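Undergrad: My questions all concern the structure below.
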Amino acid sequence: MEEKRRLLILYASQTGNAQDAAEQIGREVERRGCPVAVKSVDEFDASSLAYEETVIFVVSTTGQGDTPDSMKAFWVFLLQRNLSQHWLKDVNYAVFGLGDSGYQKYNVIASQFVAKKLDKRLSDLGATAIIERGLGDDQHPSGYEGTLDPWMSSLWRMLDQKNPKIFPRGLDYVSSIANMMDQSKIKVTYWNVDAAEVESLEMQIMRARLMSPGKFSHDKNRPVCFIKMVVVQSSIKNQPLSRAGCGKDVRHFEFESPSIKYQVGDVLEVLPGQSPAAVDAFIERCNLNPESYITVHSAGEENHLLDASKVPVRLKTFVELTMDVSSASPRRYFFEVMTYFASAPHEKERLQYFAASEGRDDLYQYNQKERRTVLEVLMEFPSVQMPFEWLVQLVPPLKTRDFSISSSNLAHPKQVHLTVSIVSWTTPLKRERKGLCSAWLAGLDPQKGVEIPVWFRKGSLSPPPPSLPLILVGPGTGCAPFRGFVEERALQSKSGLTAPILFFFGCRNEENDFLYREFWLSHEQNGGVLSEEKGGGFFVAFSRDQPEKIYVQHKMREQSTRIWNLLREGAAVYVAGSSNNMPSDVFSAFEEIISKESGVSREAAVRLLRGLEKAGRYNVEAWS
C-alpha cells in the first residue's frame, strides 16, 4: 500500500524553471508525509505510466510554444494511435504549465500550448484530472510562483478529498523545514590527491559537470570542443557590427579549432567563464578551501573511484565550471534553507519573511527583479554559514548559452562565427547588469588564446538542399543563421544551379545597426544569390528612420506576389529572431499574403501554414 500511495512528479524543463517548480512541489509533498518521486520525463518509462496512481506533470514551453527537448520522446509515445481511450483509466493526474504570456502562436498565448496539449491527451487516454490545469506566467508580478502557490493549496485539498490516506497525518500537518536539514541530497567527499595527477581541462570539465547535480542540456556522449578567437594579421575577430553609442552593442566573433564540424542552422552551446574575483569571493565567504579535491554524489550512493565521473576535481574548478555564483539568482528554497543556517536574529527574521507566502512578492522584487546573484545574497546575510553540500544542491547550475551559428562550415572549414548582442540592462533599483556570457566573450583578449569550451548541436533550422527555394525572415540578430545559409548557397552556386532566396531583414536605423550590410549587399548585386536576376531579393525594414514604424512584415506585404509564387514552387520558410511579437506578426503576414494571393479565407491560409509546419517547410528559431 505504501508504494501504491507514492506520488510521482514528472517535469519537462528547458531552462530549469519547470524542474525548480517540480522540486518545490515534491518538497511540499514530503513535508506532508507522503512518499514522492521527482523525475525528468526523459528518465521515466512512458509505457509504465498506466501503472501509476497519481502523477503531477510540470511542463515548460520553448520558443513559440514548443515541447521541451526532454519531453519529445515521451510526447511521441503518448501520441501512438494504438493507445486506447481507457489506457490511463486508473491514473489521476494534474498539470502545471510554465511559460510567458508575452509569447504568442497563432494569436494564442504560447505558454499554454504544451500544458494544454498534455492535459487534453491525458484526458483522451482515460486519465482523471485531479484539479484544473495550472499556468505559471513569467509576466505575473511574482513570476510563476504567484500562480504555483495557490494552485498547490488547491491540489492538496483535492488530493485529500480523493484519498484521505494520502497525507497520513492529515491535510493540515506540515513538518518544519528544520526536520529536513539533515536530508541534503548531496554528499561531498574530500580526497588527498597530488595536484600533478590532475588531467586536461577537457577531462576536468567532463568530470566536474558529470558529478554536478545540475541537469545540463548537452548529453554525455557529445564531446566538448575547444575554440579560440581568430587573430589575423594583428586584427582580431571581435568586430562591432553596430555603431558605438547607438544603444546596442552587437559583435561578430570568429573562432577556430581543427575539430570544428557543423551544418548551417546548427547551434553552438558556449560554457561561459565566471569572474575569477567573484569565484574567489564566494569561496572565501563560504570558508572553503579552493585547493582541496572533491567528489560529489547523491546521498546514499556508493562513492568509489571506478566511475570516470568520480575522479576528484579541485573544489575551485568545480565551483567555476558548475555553480553559477556570479549571475544567476537563487530560488526561494535557497532562502528557506538560509533561514535554518542564519545565526543573527534580524537576518533569520528577514529570511523567514522572504520564505513565507506573505513575503513572496517582496522576495520576487528583491531577488529575481533585481537579479541578485548567489554571492550578493550571501554577502547580505553574513551570519549564514551553509554547508558546502547544501550549496552544491541549491546554487543554480552554470548553464551553457545557446547561439545560432552565423557561418557555413563549407565556407570556413576550421572556423565558427557568432553574432552576439552584448546584453546589458538597468534593474529597478538602477543597478547596471550585464549578461554573463556575452560580456565575457566581448572582454576576451584574443592574444591570450583562451580556450572556450563549446558543444555543437542541431537547432530548429534544418539545413536546406541547394534546390529548395527559401523565404528567410531574420530581423536584428535573427539574421545570424541566414548569414550561414547565404554563404553556403553562394558556394553551392559556383558548382551548380541553386534555387532563389528572398531575405527580409529588419533593424532600427540604417546608420546604427544594419548588421552585415556589406555582406548582404554584395550577394544582392552582380548575380549573387540574393540578386533579382537569380530570382532572389533582399529587403530591409528600418523601423525608426521615418515617423511611422516599418517592420519586416510590412516589407513582406510589399512582396506579396513574389512570396506567394515562391511558396507555390515549394519554398521553405525560415524565421529567426526575438520571441516576443515578431514570430506571430510574421505568421499573420503570411496568413494575409496567402489569403490575398490565392483568394482563400484566413482560416484556410492558417491551415495551409500549419501544413507547411508539419511538412518541415515552416521553421522558427526564436529566443528571448
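One-based numbering along the chain as shown.
Even glycines carry a Cβ here, placed using N, Cα and C.
Just so you know, TrEMBL annotations are computer predictions that nobody has curated.
From a predicted model like this one, the values you see are computed outputs, not experimental measurements.
Per TrEMBL, domain 'Flavodoxin-like' is recorded for 7-156. Here TrEMBL flags Ser13, Gln14, Thr15, Gly16, Asn17, Ala18, Ser60, Thr61, Thr62, Gly63, Asp138 as FMN binding site. The domain 'FAD-binding FR-type' annotation in TrEMBL covers 228-464. Per TrEMBL, the feature FAD binding site maps to Arg371, Arg401, Asp402, Phe403, Ser404, Gly435, Leu436, Cys437, Ser438, Trp623. Under the heading NADP(+) binding site, TrEMBL lists Thr477, Ser543, Arg544, Lys549, Ile550, Tyr551, Val552, Gln553, Asp585.
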Undergrad: In Å, how large is the greatest distance between any two Cα atoms among Arg371, Arg401, Asp402, Phe403, Ser404, Gly435, Leu436, Cys437, Ser438, Trp623, the listed binders of FAD?
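TA: In whole numbers, the farthest two Cα atoms are 25 Å apart.
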Undergrad: Quick one: give me the count of other CB atoms within 10 A of the CB of Ser13 (FMN binding site).
TA: 24
Undergrad: Would you kindly give the Cα-Cα distance separating Ile550 (NADP(+) binding site) and Asp402 (FAD binding site), rounded to the nearest Å?
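TA: Cα to Cα, Asp402 (FAD binding site) and Ile550 (NADP(+) binding site) are separated by 29 Å.
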Undergrad: With DSSP helix as H/G/I and strand as E/B, how many residues of the domain 'Flavodoxin-like' (7-156) fall in helix, strand and coil?
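TA: Secondary-structure composition of the domain 'Flavodoxin-like' (7-156): 61 helix, 38 strand, 51 coil.
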Undergrad: For each of the binding-site residues (Leu436, Ile550, Val552), count the other CB atoms lying within 10 A of its CB, then report the residue with the highest count.
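TA: When each Cβ's neighbours within 10 Å are tallied, Val552 tops the list.
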Undergrad: Find the one among the binding-site residues Arg371, Ile550, Asp585 whose C-alpha lies closest to that of Asn17 (FMN binding site).
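TA: Out of the listed candidates, the nearest Cα belongs to Arg371.
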Undergrad: I need the nearest neighbour of Val552 (NADP(+) binding site) among the binding-site residues Ser13, Ser60, Arg371, using C-alpha distances.
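TA: Of all the candidates listed, Ser60 is nearest in space.
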Undergrad: Sort out the sequence-distant neighbours of Arg371 (FAD binding site) for me: same chain, 6+ apart, CB within less than 8 Å of its CB, listed by position.
TA: Ser327, Ser329, Thr427, Arg433
Undergrad: Using Cβ atoms only, which residues of the same chain lie under 8 Å from Thr477 (NADP(+) binding site) while being at least 6 residues apart in sequence?
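TA: Correct list: Val250, Ser404, Thr419, Val420, Ser421, Leu515, Gly577.
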Undergrad: When the Cα of Ser438 (FAD binding site) is compared with the Cα of each of the binding-site residues Ser60, Ile550, Asp585, which one is closest?
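TA: When the Cα distances are compared, Ser60 comes out closest.
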Undergrad: Would you measure the largest Cα separation among Thr477, Ser543, Arg544, Lys549, Ile550, Tyr551, Val552, Gln553, Asp585 for the NADP(+) site and round it to whole Å?
TA: 19
Undergrad: Pop the Cα-Cα gap between Ser60 (FMN binding site) and Asp585 (NADP(+) binding site) into the table, whole Å please.
TA: 23
Undergrad: Going along the chain, which residues six or more apart from Thr62 (FMN binding site) have their CB under 8 A from its CB?
TA: Gln14, Pro68, Asp69
Undergrad: Enter the number of other CB atoms within 10 angstroms of the CB of Asp402 (FAD binding site).
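TA: A count of 16.
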Undergrad: If we count other C-beta atoms within 10 Å, could you say which of the binding-site residues Thr15, Asn17, Ser60, Ser404, Ser438 has the fewest?
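TA: Fewest other Cβ atoms within 10 Å, among the binding-site residues Thr15, Asn17, Ser60, Ser404, Ser438, is found for Thr15.
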Undergrad: At the Cα level, what's the spacing in Å between Asp138 (FMN binding site) and Leu436 (FAD binding site), rounded?
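TA: Checking the Cα atoms of Asp138 (FMN binding site) and Leu436 (FAD binding site) gives a distance of 21 Å.
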Undergrad: Near Arg544 (NADP(+) binding site), how many other Cβ atoms are within 10 Å of its Cβ?
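TA: I get 13 for this one.
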